[in-house]
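Colleague: Below you will find the structure I want to go over with you.
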Amino acid sequence: MADNAKRIPRHVAVVMDGNGRWANKRLMPRIVGHKYGVDALIGCINTCADRGIEYLTVFAFSSENWKRPEDEVSGLMNLVLTAVAKYLARLSDIGVRIQIIGDRAAVSEKVRAAWEHAERVTAGNKRITLSVAFNYGGRWDIVQACQRAVADGARAEQIDEALLSKYMALAYAPDPDLFIRTGGEVRISNFLLWQVAYSELYFTDCLWPDFDAAEIDKALADYAARDRRYGGVKTDISASGQKITLAPDA
Ligand code: IPE
Ligand code: IPE
Ligand code: MG
């Protein structure tokens, strides 16, 4: 259906949560859940590309995740290295452009090099842009945008939403249309704060390693049925096919 095609989100943002609980349920260490989480991510990238989604932004490591036990943090860092080595060529082959968003300064040289290698190798790809939020926080993003704007000489009266948007980490992408969080928690956890102002929010109990193509399609169907008003008034299609506006009397 042509109308349905219009209802595919251009940009989907995902908080990939629930790896630890997925592993615990199977009496396995949390890091095993993260490994299966990487496989779920690869599946998700494939499905999103197939569905015509142009931008996929995933929360892989938050600026708060350093609080986790040392062995889990180092396990996650090692997982980045093995995942890049294992999947980079395959992702590049299907046209995935990889971008990293987050504070790179606090990440080890090895991990930073792996991410920057992934960015370089995939820079010319056009099918879907995968932004990996790594050592990312929504508040950090707003602060770094202000700092860079001021460093570029912006004066107080020149700072507005359009200007700051150009300095936000996702300046190259439209705002997310659909924000998904797996794992049952109903919170943002300092993911994209600025960018989700008008995103449609979708929360599911499904744990991230189980979030397969069928689950993605459920989220997309839910999104397709939403009425996005952006502060305007509800619109509906009348029986004659004419668009009517259901507005309170002005
Ligand atoms: C999300 O899964 C992945 C990361 C934060 C790296 P969790 O590790 O938070 O899994 P749960 O929430 O403990 O189940
Ligand atoms: C959010 O999940 C961060 C990532 C998925 C990378 P958390 O598991 O860290 O979030 P909280 O602690 O439940 O809010
Ligand atoms: Mg969690």
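Every residue gets a Cβ built from N, Cα and C, even glycine.
Dumping what TrEMBL says about this protein:
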ACT_SITE  ASP17  active site
BINDING   ASP17, GLU200  Mg(2+) binding site
BINDING   18-22, ARG30, HIS34, 62-64, TRP66, ARG68, ARG181, 187-189  substrate binding site
ACT_SITE  ASN65  active site, proton acceptor
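Provide an account of the burial state, proximal residues and distances for the features listed.
Modeller: Around ASP17 (active site), a 10 Å sphere centred on its CB holds 23 further CB atoms from the protein chains shown.
Within 10 Å of the C-beta atom of GLU200 (Mg(2+) binding site) sit 20 other C-beta atoms, taking all shown protein chains into account.
Taken residue by residue with DSSP, GLY20 (substrate binding site) is part of a helix. The local packing around GLY20 (substrate binding site), expressed as other Cβ atoms within 10 Å of its Cβ over all shown chains, amounts to 20.
Annotation note: ASN65 (active site, proton acceptor) sits in a helical segment as assigned by DSSP.
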Colleague: Can you list which of the recorded positions ASP17, TRP66, GLU200 have their Cβ under 6 Å from some atom of ligand 3?
Modeller: ASP17
Colleague: If you measure GLY18 (substrate binding site) to ASN65 (active site, proton acceptor) at Cα, how many Å is it?
Modeller: 14
Colleague: Counting across all protein chains shown, how many other Cβ atoms sit within 10 Å of the Cβ of TRP66 (substrate binding site)?
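Modeller: The answer is 11.
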